[in-house]
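Scroll down for the structure; my scribbles are underneath it.
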Amino acid sequence: MSAGTAPTAQRDGGSARAPRPTGARAGTSSPPRWWLVVVVLTPLATALGLLWALATGGAASPDLVRDPGALVRYGLPVATLLRDLAMAMTLGGLVLAAGVVPARAPSWAPAARAAAVASGVWTVASLAVLVLTAANLSGTPLADPSFGAQLAIVATQITQGQALLVSTVVVALVATAAVGVRTPAGAGWTAALGALAIVPLALNAHSTGTSGHETAVTSWGLHVLGVAVWFGGLMALVAVARSTGAELPVVARRYSSLALVGFVLVVASGVANASLRVAGLADLLGTGYGLLVVAKATASVLLGFAGWVHRRSLLAAIDTRTAAGAGARGPFWRLVGGEVVLLGAVSGVAAALSLTPPPVPQELPPAPTPAELLTGEALPEPFRPSSLVTQWQTDVLWIAVALALAVAYGRGVARLRRRGDRWSVGRTVAFAIGLVVLVYMTSGAPAAYGRTVFSAHMVQHMVLSMLIPVLLVLGAPMTLALRSIPKRRDGSRGVREWLVVLTESRWLRVVSHPVVAAVLFAGSLIVFYYTPLFELALSTHVGHELMMVHFLGVGYLFANALVGIDPGPNRPSYPLRVVLLFATMAFHAFFGIAIISSETLLAGSWFSSTGWGIDALADQRTGGGIAWGIGEFPTLLLVVVVAVQWARSDEREQRRRDRTADRTGDAELVAYNAMLAERDRQGAPRR
């Protein structure tokens, strides 16, 4: 009998049965068969996936020279699997608590608690991976008396061990913070800290200095984040399912949207990463590593398709049964049951795959060039005009960022139009051009030459900090987001709520103040180029990415303070904006002149060792000229925009005054004239 129906009389004429409770707690008992699918079959499928992958790829095969023993050979894949699952569930649970589950819902606390428990497992498993990796690298059994010394050497002197140690420390901090999470804000910031723990692992996922290292590092990091959102969110959802009430339909729908994002990240980053480790069809079908890649990719695509098909029908069934007061757990378990089992098997394969040697050697070529030793990539061809379109060095991080922003912006515009609201075509065009230029500057010719030629680097810097931010600011993305994304009213924090939190934060208010933004924009030139930060940005992947984030960020803050439309700082009057603009640009010009006249090579040990065979100091002077000259166009653009906005502001003010005069019969002017007439009558002097 469905909840909410009238009680029925018993056949023997006895008293009527009490009705089942309606509303949020209806259907609290999930169908046993689906619960058993999750509880029993998921661990079994995960274990089978791991064992099959170990047998196929040979990751647990004994080393003929230095075998640490079966305990290490099989313990390391198991510990890696547990670490990966706990990492995914920690981040997935925190994401659910930060932006999916309503803060006042009965399932919010279980979501945060599941993340806290998983973070503890993540810490222990990370430590186990470090210990077992040390044994595996040194070929020393755990019971060997010398293992303690070997562990210390690996953890402090070997790159892989250092990365694992740093990650373990960060994970321990995450676990400490997760225990104290009590609000969506706390969950969000703890999730951000957890994402940082992935960085050392990503940097260690591919041999430094080998071809495609930066693409491999970035794609691996994006892959793990995608898994955390997709599978980690699903595991957390399963963990809190029995605590959900009336919020189950909205939670399921919100997770479904996140799962789509995670699926896209997993597939796209997986393809990018596999392309660096598998040379062709022969490697894909003729090696154990290739077979594991095929199995994992096939299962992931099938899971994505099945999830899409199921969600089209089962989400509607959850809504319908909840609205009718019936239990929605049956459709829910049909939605997640099979997906969890298959994702568990894929996770087992993935853990073994990460320990399986790929067919493409992850090492430097026999005779590496100076550029390959420095950057991991061969020198691009000598520059000629055609190189502007033929030379590319893909940065998957910025391509992913640009695509995500383009999709979000396009959806926002479409949502406004469906609602009957207007949005400026000019803003859309400006934002789109800004994203296209961003992709080109981070993956095109400026990126290909920017790590080895100072002048190309300066082109990239100037455009990132002076042109792209102006175009993005003119697109008014924050205004679009606030107008197009519905406000949540259930206490949870969606994209809109998190954007409001960021824009209203004290920290952002300080750095976005026009004067502070101008100081950051101009002063960071000196701090960056005349300290070791410049060479650090050239020689390390993280440093290089942070450099571009900084250039783009300070440029955006400065442009937003001058010509921004979005909510933000208290912008100065237009005359002061012009003064601020020219003062900052004058400093920029002096910076360019200083580089032109300098006799000292910036990052000299780097640019003198790339093997280009050019006069590095002469090229640096060319870069100084670019810094001085290329800034004129963005400056002119900013001046034009400020002038146009100034004129429009005056026009709006005049129209406002005209409307006031029409409404009041020009009462203000009449009163003023009356005052003058009275002064004339009394003989008082006019002021």
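Yeah, the Cβs are placed from backbone N, Cα and C, and that goes for glycine too.
Curation plays no part in TrEMBL annotations; they are all automatic predictions.
Marked as compositional bias 'Low complexity' by TrEMBL: 13-29. According to TrEMBL, the feature domain 'Copper resistance protein D' maps to 251-353. Residues or ranges marked as region 'Disordered' in TrEMBL: 1-29. The transmembrane segment feature in TrEMBL is assigned to 34-55, 115-138, 158-179, 186-203, 223-243, 255-276, 288-310, 331-355, 396-416, 515-534, 546-566, 626-647 (among others).
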### Query
Over the domain 'Copper resistance protein D' (251-353), what is the model's mean pLDDT?
82
## Note on the structure
For the transmembrane segment (288-310), the candidate among 115-138, 223-243, 255-276, 331-355, 546-566 having the most Cβ pairs under 8 Å is 331-355
### Range from 115-138, 255-276, 331-355 with the greatest count of C-beta pairs under 8 A to the transmembrane segment (34-55)
331-355
### Task
Please work out whether the transmembrane segment (223-243) lies in contact with the transmembrane segment (158-179), by counting C-beta pairs under 8 angstroms that are 6 or more apart in sequence and asking whether there are at least 3.
no
### Query
Taking a Cβ cut-off under 8 Å, which residues six or more beyond the ends of the transmembrane segment (115-138) line up next to it in the same chain?
66, 68-69, 72-73, 75-76, 79-80, 82-83, 86-87, 89-94, 96-97, 147, 150-151, 153-155, 158, 160-161, 164-165, 167-168, 171-172, 174-175, 178-179, 181, 187, 190, 194, 236
